[in-house]
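The following features are taken from Swiss-Prot:
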| type | residues | note |
| --- | --- | --- |
| DISULFID | CYS59-CYS292 | disulfide bond |
| DISULFID | CYS72-CYS84 | disulfide bond |
| DISULFID | CYS107-CYS153 | disulfide bond |
| DISULFID | CYS296-CYS320 | disulfide bond |
| DISULFID | CYS488-CYS492 | disulfide bond |
| CARBOHYD | ASN27 | N-linked glycosylation site |
| CARBOHYD | ASN28 | N-linked glycosylation site |
| CARBOHYD | ASN40 | N-linked glycosylation site |
| CARBOHYD | ASN104 | N-linked glycosylation site |
| CARBOHYD | ASN293 | N-linked glycosylation site |
| CARBOHYD | ASN304 | N-linked glycosylation site |
| CARBOHYD | ASN498 | N-linked glycosylation site |
| CARBOHYD | ASN505 | N-linked glycosylation site |
| LIPID | CYS555 | S-palmitoyl cysteine |
| LIPID | CYS562 | S-palmitoyl cysteine |
| LIPID | CYS565 | S-palmitoyl cysteine |
| SIGNAL | 1-17 | signal peptide |
| TOPO_DOM | 18-529 | topological domain 'Extracellular' |
| TOPO_DOM | 551-566 | topological domain 'Cytoplasmic' |
| TRANSMEM | 530-550 | transmembrane segment |
Amino acid sequence: MKAILLVLLYTFTAANADTLCIGYHANNSTDTVDTVLEKNVTVTHSVNLLEDRHNGKLCKLRGVAPLHLGKCNIAGWLLGNPECELLFTASSWSYIVETSNSDNGTCYPGDFINYEELREQLSSVSSFERFEIFPKASSWPNHETNRGVTAACPYAGANSFYRNLIWLVKKGNSYPKLSKSYVNNKEKEVLVLWGIHHPPTSTDQQSLYQNADAYVFVGSSKYNKKFKPEIATRPKVRGQAGRMNYYWTLVEPGDTITFEATGNLVVPRYAFAMKRGSGSGIIISDTPVHDCNTTCQTPKGAINTSLPFQNIHPVTIGECPKYVKSTKLRMATGLRNIPSIQSRGLFGAIAGFIEGGWTGMIDGWYGYHHQNEQGSGYAADRKSTQNAIDGITNKVNSVIEKMNTQFTAVGKEFNHLEKRIENLNKKVDDGFLDVWTYNAELLVLLENERTLDYHDSNVKNLYEKVRSQLKNNAKEIGNGCFEFYHKCDDTCMESVKNGTYDYPNYSEESKLNREEIDGVKLESTRIYQILAIYSTVASSLVLSVSLGAISFWMCSNGSLQCRICI
């Protein structure tokens with residue numbers, strides 16, 4: 001009975017002790033992040049770094065509309081294919097759009113030399129001035145300028161030709177040697193295009209140009225080339241057995257370009273003074289154009305985001321996030337929402353001794369829960385919380401700033417003879433994408449591991465801060481909690497939280513209560529020992545008596561022979 005009273009006294013004393021616990025915030029977030037060691041870790045707060053949404057529209061880029069080529073391509077637009085007449089007045093754009101069925105290009109069959117390089121040059125041009133470099137009415141008085149038309153380039157049901165070129169043929173029975181120069185006074189680069197005609201027979205050569213042994217020379221300070229017509233029988237394309245090759249060059253400001261020929265020259269009529277601009281480009285897309293505005297355009301649609309990565313399309317125009325192949329890039333900013341005692345981090349201390357977060361603490365990441373005679377409640381440790389918020393915010397901003405190198409990534413063009421180069425380029429591009437994706441994912445994994453360990457370390461530090469103040473005035477009872485050996489009112493609790501706890505002031509009371517509790521425990525232990533001895537002796541006596549009774553009964557009924565020797 002005495003032992004029971006002592007145990008109840010000890011239990012009653014412990015139940016009424018004031019307590020202070022250290023813990024951390026928890027909420028109903030379902031955000032998950034990956035770390036180096038774990039996948040799908042639920043956290044209280046996180047930020048997404050990967051944009052995966054677009055509006056499905058082609059928009060203005062920073063307020064400037066794109067140039068949609070419709071059924072025409074770059075070649076048809078610049079040469080002046082009659083089917084592209086609506087594009088001839090275009091002078092400025094944010095980017096150029098071709099579609100998958102942009103078939104109106106070179107109407108007279110032939111090769112467009114260095115066409116892919118020309119597209120690359122245009123990808124950095126935001127506007128140009130189309131001007132008459134050699135006026136048709138006055139530049140070629142000794143040559144015919146109106147007979148150079150073909151059924152391969154029809155317009156309104158009649159034979160026609162490129163609007164930006166003039167196909168010169170003989171006048172009468174004469175094709176005098178021509179020599180014409182243009183001096184670039186535009187203070188901009190000037191794009192000049194021309195053509196060389198290759199007839200199928202010598203008869204066609206004479207009927208068009210009179211001169212059997214004709215030549216063409218085009219020269220500037222950076223371009224010099226002499227051309228000879230290649231007369232040969234070829235299969236008909238678009239009804240033409242002849243071929244026409246197309247050439248271009250850029251004439252620098254102040255430079256001169258000269259055309260000299262005795263036949264077969266398709267001279268430029270219009271040229272283009274180009275203005276370069278960053279952020280332009282050429283995309284191939286069947287997405288419709290809408291009246292909207294964006295800072296980043298992809299062939300699939302516009303992206304309006306400040307995130308550093310996107311997985312929508314590798315081809316982008318404007319200020320765009322970097323393309324990666326990832327499907328998830330989420331960076332932890334808060335704590336583990338369901339902590340595990342077994343969790344072990346890679347970089348810092350672990351607060352694994354605290355099994356669960358507190359949903360009741362909403363004004364901070366780390367803090368306290370106290371209970372005394374005046375009541376109980378939660379209180380955040382604002383200093384450690386604010387330091388953590390500042391540190392993590394700076395880290396996230398730094399990561400975004402470092403990785404958010406926004407840029408235009410236009411596609412590269414290769415002709416049908418450059419398939420090996422195209423395949424090699426694709427492999428190189430894929431390699432870069434793999435590296436960027438790996439770097440981005442590894443960065444997020446490492447930073448998430450650091451962040452979660454950083455939070456655990458902060459909780460551990462807060463616990464150590466309290467333990468170092470209380471010393472033996474309280475005891476650790478597990479799960480981040482302390483039980484005081486003295487009365488600790490709200491003022492006392494606040495002093496522990498703010499680091500001003502007066503240990504000597506409470507040490508005498510704590511010592512007495514600690515000795516009293518230890519004495520109760522010791523007396524209880526002695527009583528238990530006495531009871532244990534008594535129980536053992538009593539059990540032995542009962543066992544001996546039982547064995548004797550059984551033996552007597554067995555001897556009396558003959559089941560057991562009993563002999564008594566003296």
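Just so it is clear, glycine is given a Cβ too, placed from its N, Cα and C backbone atoms.
Annotated pair CYS59 (disulfide bond) and ASN293 (N-linked glycosylation site), C-alpha to C-alpha distance, rounded: 5 Å. For the pair ASN40 (N-linked glycosylation site) and ASN498 (N-linked glycosylation site), the Cα-Cα distance reads 36 Å. CYS84 (disulfide bond) and CYS292 (disulfide bond) are 25 Å apart (CA-CA, integer value). Per-residue confidence over the topological domain 'Extracellular' (18-529) averages out at a pLDDT of 88. The local packing around ASN104 (N-linked glycosylation site), expressed as other Cβ atoms within 10 Å of its Cβ over all shown chains, amounts to 20. Long-range Cβ proximity for CYS488 (disulfide bond), meaning a same-chain Cβ under 8 A and a gap of 6 or more residues, is found for ASP18, LEU20, HIS370, ASN372, VAL496, TYR506. Using CA atoms as reference points, the recorded positions ASN28, CYS320, ASN505 were checked against CYS153 (disulfide bond), and the closest is CYS320.
Put simply, CYS296 is the one of the recorded positions ASN27, CYS296, ASN498, ASN505 whose Cα lies nearest to the Cα of CYS84 (disulfide bond).
Looking only at Cα atoms, ASN304 (N-linked glycosylation site) sits nearest to CYS320 among the recorded positions CYS320, ASN498, ASN505. Note on the disulfide-bonded residues CYS59, CYS84, CYS292, CYS492: the fewest other CB atoms within 10 A surround the CB of CYS292. Counting in whole angstrom, CYS492 (disulfide bond) lies 10 from ASN498 (N-linked glycosylation site) by their C-alpha atoms. Geometry remark: ASN104 (N-linked glycosylation site) versus ASN293 (N-linked glycosylation site), CA distance 29 Å. With ASN28 (N-linked glycosylation site) as the anchor, the candidate recorded positions are CYS72, CYS320, ASN505, and the one with the nearest CA is CYS320.
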